[in-house]
Amino acid sequence: MTTTGTPPLPKAELHLHIEGTLEPETVFELARRHDVELPYADVDDLRARYSFTDLQSFLDIYYANMAVLRTREDFAELASAYLRRCPDQGVRHVEMFFDPQAHTARGVPMSDVVGGLTDAIDAHAGDVSAGLILCFLRDQPAADAEATLRAAEPFLDRIVGVGLDSAEVGHPPSGFAAVFGKARALGLEPVAHAGEEGPPSYVREALDDLGVRRVDHGIRAIEDDELVARLARDRTPLTVCPLSNVRLGAVPGIGLHPLPEMLAAGLNVSVHSDDPAYFGGYVDENYAAVRDGLGFGDDELRTLAVNSFESSFLDEPTRTALADQARRWHL
Ligand code: ADE
Ligand code: ZN
């Protein structure tokens, strides 16, 4: 959180799709650069379409807008624009998702996607540390996920983990057990979106069948007492994205978000931004949303930020040092 005149609360961003930072102005700029014809009159027309009814209604426009990302430079500019925002947001470390299948399917080589993102990460390394999490699209066949993992093998020194995203309902984690097994054997950290729109059983499958170290969203876990007890016992991180949940209708309003109940149940929750160019704000705006909409005070905000570092894949001494900085904020 930013309070005038004081430094922002230090935090880690663990649930951010880099393609979800593609701002409407950039969509138009890149479309001009590459002569891509857009089905929108202008930036205002595009922004006016960002009124979503559910996850799929968002994904349709999210994937369509990606058509403007063509070259290594485009990916570098996208990630640079995001990383430039991090210091003001208090973000000290990012583990960013990317969706290679959405680009390789359009003919963009994996080397340009990863190369562009890592060019930006290296250029901003003095201000913020960053890692990449390669997401498999769960609404595509598991065989495509396997081919994507193979295509990424030359770049694994720059990739910290694998994730599972896209349309959730009807695409349970169990279908991706084999590819996650291969990814774990390659030393990649496994995470998965589960319990965003899907039932608590998907969260259980992510744990049991994919061996995930973190659950992305996981808000519907709260419907299952036994699952909550397990997640609390194991301190399994849940990366919660309040503005996303409101904008996609996963919760009826910020005041009804289950985050207070999740914290009270002893769950290891942290707050993140998901697709900030589409959902009305970056991570600090998500912290402001839980402060203003749920009445969270400095104690709760510090807990969320400490959890974000402790849930990261940073090495233990760095994790602990950054968590301590968050613990001391405003004290
Ligand atoms: N890809 C980008 N944002 C997503 C979300 N909120 N859920 C699933 N897949 C996504
Ligand atoms: Zn997400």
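Keep in mind that glycine also has a Cβ here, set from the backbone N, Cα and C atoms.
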Q: Select one of Asp112, Asp274, Asp284: the residue that TrEMBL places in the Zn(2+) site alongside His15, His17, His193.
A: Asp274
**Q.** Whole-number mean of pLDDT values that fall within the domain 'Adenosine deaminase' (10-326)
**A.** 98
Q. Measuring Cα to Cα, how many angstrom lie between His15 (Zn(2+) binding site) and His217 (site 'Important for catalytic activity')?
A. 9
Q. For His193 (Zn(2+) binding site), what is the tally of other C-beta atoms lying within 10 angstroms of its C-beta?
A. 28
Q: Fill in the CA-CA distance, Glu196 (active site, proton donor) to Asp274 (Zn(2+) binding site), as an integer in Å.
A: 12
**Q.** Cβ neighbour count within 10 Å of Asp275 (substrate binding site)
**A.** 23
Q) Among the recorded positions Glu196, Asp274, which residue has the largest number of other Cβ atoms within 10 Å of its own Cβ? A) Asp274
(Q) If the criterion is a C-beta within less than 6 angstroms of any ligand 2 atom, which of the recorded positions Glu196, His217, Asp274, Asp275 pass it? List them in sequence order. (A) Asp274
